[in-house]
Structure formats: C-alpha cells, structure tokens
Amino acid sequence: VMAMAAALRGPGGRFRWRTQATAGGVRGSARGAAAGRQDYNLLVIGGGSGGLACAKEAAQLGMKVAVVDYVEPSPRGTRWGLGGTCVNVGCIPKKLIHQAALLGGMIRDAPHYGWDVAQPVLHDWRKMAEAVQNYVKSLNWGHRVQLQDRKVKYFNIKASFVNEHTICGVTKGGKETLLSAEHIVIATGGRPRYPTHIEGALEYGITSDDIFWLKESPGKTLVVGASYVALECAGFLTGLGLDTTVMMRSIPLRGFDQQMSSLVTAYMASQGTRFLKHCTPSRVQKLPDGQLQVTWEDLTSGKENMGTFSTVLWAIGRIPETRSLNLENAGINTNPNSQKILVDAQEATSVPHIYAIGDVAEGRPELTPTAIMAGKLLARRLYGQSLDVMDYSNVPTTVFTPLEYGCVGLSEEEAMARHGEEHVEVYHAYYKPLEFTVAERDASQCYIKMVCLRKPPQLVLGLHFLGPNAGEVTQGFALGIKCGASYEQVMRTVGIHPTCAEEVAKLRISKRSGLDPTVTGCG
C-alpha cells in the first residue's frame with residue numbers, strides 16, 4: 001500500500017492521499033497530469049540559491065518536491081554543477097579570488113611589521129584556480145547530498161512549459177521527460193550579456209561565467225563595463241599583479257550611491273587599475289600571435305583608439321533565463337524590455353499557482369540572500385501555514401572591490417529625491433584604519449556616511465561604508481537599520497576600539513555644517 005500511495009500533509013495541515021507518479025514514462029505522466037493527478041506538490045525550475053532553498057524548505061514541510069536544473073555551457077564552453085551562479089561563477093569564487101588579491105597586499109605590508117619577506121612575491125594563477133575550483137566542486141556535491149537527504153528528486157534536464165501544470169525536460173542526450181506539479185516555482189536566474197552587435201565580441205570575449213574556471217592566467221585584461229561584477233573582477237586581477245584596464249561608457253556602479261562609487265574607482269586607480277572613461281568598444285580582432293586587438297571610440301573626443309590585450313572580459317549586465325522556458329504555454333507574463341517575470345508581493349506570476357523568485361523576477365535585487373529568504377518564505381506560505389512575505393527594503397549588500405563598499409538602505413541621491421534635500425541630514429567621516437598606519441598605506445578613500453532624516457530622532461535612511469571588511473561591518477548595522485534605528489541611538493552605541501566599525505558610531509560631522517570630516521586620533 002505504501003508503494004502505491006504517499007501520505008502528504010496538505011496546506012491546511014490535513015493528511016491527503018495522493019497516487020504516486022503513474023508508471024509508463026512520458027505518456028503515463030501526461031495521462032496523470034491530464035486527469036488532475038500531478039507528479040509532485042512542488043516543482044522548482046532552477047537549482048540555484050533561491051530554487052534549492054525553496055525546494056528543501058517545502059520537502060522539510062512534508063511535500064513531494066522535484067528540482068530540475070540544467071546549465072547551458074557558456075559560449076566559451078564553460079560548464080559547472082548544481083548550485084547556481086553564486087556557488088559556481090559568482091559570490092563564492094569571486095570572494096576567494098578577492099581574498100587571494102588581498103593577501104598579496106598584506107605580503108607587501110609585511111616588511112613594515114618586521115616580517116622579512118623577499119619582494120616581489122609571485123602569484124601562481126594555476127594553483128589558486130585549482131584550489132578554488134576544487135572547493136566549488138565540493139559545494140556542488142554537498143547540494144546533491146542535501147537534496148537526497150531531504151528526499152527531493154533532482155533532474156538534470158532543461159525545462160520548458162507544456163501547460164500551466166506540466167513541464168517537458170530534455171536531457172543532454174535529447175531524452176524527454178514530462179513532469180507535473182500543483183505548484184511550480186521558476187528560479188532560473190540570469191546569465192551574462194554579450195554585446196553581440198560588436199564584431200568579435202562573442203568569438204573572442206569571455207564573461208564572469210568563464211573567468212573563475214580559467215586554468216591559465218588571463219594575462220593583460222580589458223574589462224568592459226562599470227557594473228559591480230566589472231569592478232570586482234578588475235580589482236582582483238590588478239591585485240594579482242595583472243595589467244588590467246576597465247572600459248566604461250558612463251557612470252560606475254549605476255544604482256549605487258555615486259559619491260561612494262567614485263571613491264571605489266579612485267582607490268582602484270591608485271592601486272594600478274587603468275580606466276578608460278566614456279569609451280565604447282566597436283571591434284575585437286584576433287592577431288596572428290593570439291593577442292586580441294580592441295578598437296574603441298572615445299565618446300568625448302569622437303576619436304578611435306586601439307589596444308592589445310590577452311583577454312577581453314564583458315561585464316555589461318545580465319539577462320534573465322526565460323527565453324527557453326516557453327512561458328507563453330503556461331500564460332506567464334514578462335516585462336517585454338527586461339524579459340523578467342512579473343510577480344506580485346507573494347512572488348506569484350500572472351498564473352496563481354506559478355511563482356518566480358530571485359534574479360528572474362522583475363523588480364527584485366539580484367542577490368543570493370534575498371533569493372534564499374524569498375524561497376524559504378514562499379515554501380512556508382504554501383505548505384506551512386505562514387503568512388510572512390519577503391520584505392525587500394533595507395537589504396544590505398557589499399561590493400568586493402579592493403577597498404570594499406558596503407551599504408544598506410537609501411543612497412544619498414535616493415534620500416534627497418524621496419524626502420527633499422531640506423529634510424535629509426548626512427553625517428560623514430574620512431578615517432584611517434589602524435592597520436593602514438604602520439604599513440603607510442593610503443587611506444584617502446576610506447569613508448563612511450550615514451543618511452538620516454533631519455527631524456529628530458533622525459531615522460537612519462542609509463549607511464555607506466568604504467573600507468576593509470565592509471561586509472562584516474555593514475551586516476551588523478543592517479540589523480539596527482532594519483529595526484528602525486535613529487541617529488541618536490547609533491550615537492549612544494559604544495564603539496569597539498580600535499576598529500573601523502566604531503567610526504560609524506562616532507559620525508558627528510554633517511555635510512551641511514561644512515566642517516572637515518577627517519578623523520584625527522582616538523577621539
């Protein structure tokens with residue numbers, strides 16, 4: 001009897017008997033779906049951060065769950081395992097290589113602290129890449145094991161909708177499988193965008209999908225773009241001793257606070273990253289020696305320039321993975337411009353039992369932790385009698401450039417636009433991390449600002465921190481800001497001495513005062 005039926009706890013907490021998937025492969029599954037008997041309670045399309053979190057939570061709540069995941073190789077042929085962008089070609093390898101670059105800086109500091117280190121110290125890309133890639137592969141395996149432990153069925157197939165309850169999955173070998181479910185969650189994320197209108201861009205360029213899986217050093221690199229991906233990659237390449245140039249058409253870090261963004265790039269320039277501002281590439285050609293000749297236009301002068309590089313890395317934004325899903329077969333609406341799926345506050349699409357979470361959903365921050373939380377909360381609403389919806393306000397994040405930039409809440413520009421300049425007070429400070437002093441490091445870009453409402457008790461609208469360990473600092477203050485902290489409360493918080501984070505609790509000088517915001521001494 002147990003082989004024929006499974007007791008599944010319904011959304012209302014009652015037990016329901018449901019016949020298991022009909023034998024007979026594709027035809028049997030289609031018959032089952034047509035008769036209103038679905039194979040699964042929940043089917044998740046996409047095995048990244050959000051999809052896996054949602055699937056595991058639903059399984060924990062007693063549901064029959066399947067995850068389908070398929071990685072289309074990059075144009076360069078790079079492929080990876082289960083876990084999505086963050087694990088394989090995003091946050092995890094990025095932070096590890098950022099750490100490798102920071103270690104290089106510490107080795108240069110070491111003689112100031114009495115360590116007898118022979119300079120210059122050479123970096124072995126191959127050794128680093130192998131170690132990072134092995135760690136990522138261990139995470140892929142860990143995700144597979146977790147799904148097995150939670151009894152979540154995993155299919156390595158490329159999914160597309162047949163109708164609003166059924167998907168067709170195709171294996172690498174072309175074998176088709178039909179799967180049906182009561183609820184479907186789309187969590188397919190996005191992939192880097194190629195500027196296909198530029199000659200040679202696709203043939204000779206790489207993206208963040210490839211950089212972390214290169215066996216050999218990329219050598220002299222041109223990074224095209226001004227996104228956080230562009231700046232993070234350029235930052236760690238420079239830090240590893242590679243000749244690196246960033247080509248940007250307009251402003252760096254669009255959507256972030258622009259004063260902070262200009263300090264981020266100023267620090268990078270001081271560390272040796274070259275910037276070609278207001279330039280746009282027009283052609284990439286391969287020379288007989290294998291080098292890449294890039295032609296670009298200087299938008300300020302209108303002149304054409306050329307340069308030779310070993311690698312061209314495109315970091316000009318991402319596009320959602322929606323085109324191959326056949327969303328129209330299920331009646332799912334997308335934004336025609338962004339191609340992202342339109343969702344409501346409950347993460348529901350235009351089809352009530354189909355949901356979208358993470359980067360693929362319109363208007364959501366493209367961040368792993370928001371996708372994870374949204375996925376867990378969705379599963380709890382569907383199967384755990386919860387009513388909690390994801391709150392996307394005051395989400396902290398950090399850009400892991402050589403000098404890290406952490407922020408939470410509104411930028412200064414957003415605060416002014418929302419509340420009016422006369423109702424906003426900005427407290428700020430230039431500070432010097434203690435560890436920079438003995439090493440005689442330049443700290444002229446280490447800067448903090450807190451954006452507040454002017455009216456007492458001066459609610460904190462946003463915090464922006466540029467300096468070492470920005471992620472660790474911002475995470476702590478994010479809790480206070482999420483809880484509605486005021487400037488007065490922050491000023492009553494005792495700092496931990498000596499730290500960079502304590503400078504946040506000592507922000508006494510407002511921009512409006514016009515006083516010098518440079519911190520001196522321990523006061």
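Using N, Cα and C of the backbone, Cβ positions are placed for all residues, glycine too.
Note that the structure is a prediction, hence the values are computed from the model and not measured.
Listed features, source TrEMBL:
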type	residues	note
DOMAIN	40-375	domain 'FAD/NAD(P)-binding'
DISULFID	Cys86-Cys91	disulfide bond
BINDING	Lys95, Asp359	FAD binding site
BINDING	Gly225, Ala226, Ser227, Tyr228, Val229, Ala230, Leu231, Glu232, Gly317	NAD(+) binding site
DOMAIN	395-506	domain 'Pyridine nucleotide-disulphide oxidoreductase dimerisation'
ACT_SITE	His497	active site, proton acceptor
Sparsest-packed of the listed recorded positions (Cys86, Cys91, Leu231) - C-beta count within 10 angstroms: Cys91
Alpha-carbon spacing, Cys91 (disulfide bond) to Asp359 (FAD binding site), which is rounded to whole Å: 14
Integer Cα-Cα distance in angstrom, Cys86 (disulfide bond) to Leu231 (NAD(+) binding site): 17
Integer average pLDDT (0 to 100) for the domain 'Pyridine nucleotide-disulphide oxidoreductase dimerisation' (395-506): 98
Sparsest Cβ surroundings (other CB atoms within 10 Å) among the recorded positions Lys95, Ser227, Val229, Asp359, His497: His497
Position of peak Cβ density within 10 Å, selected from the binding-site residues Gly225, Gly317: Gly225
His497 (active site, proton acceptor) and Leu231 (NAD(+) binding site), distance between Cα atoms, whole Å: 31
The domain 'Pyridine nucleotide-disulphide oxidoreductase dimerisation' (395-506), counted residue by residue under DSSP: helix, strand, coil: 40 helix, 31 strand, 41 coil
Gly225 (NAD(+) binding site) to His497 (active site, proton acceptor) - Cα separation in whole Å: 39
Pairwise Cα distance for His497 (active site, proton acceptor)/Lys95 (FAD binding site) [Å, integer]: 27
From binding-site residues Ser227, Val229, Gly317, the one whose Cα lies nearest Lys95 (FAD binding site): Val229
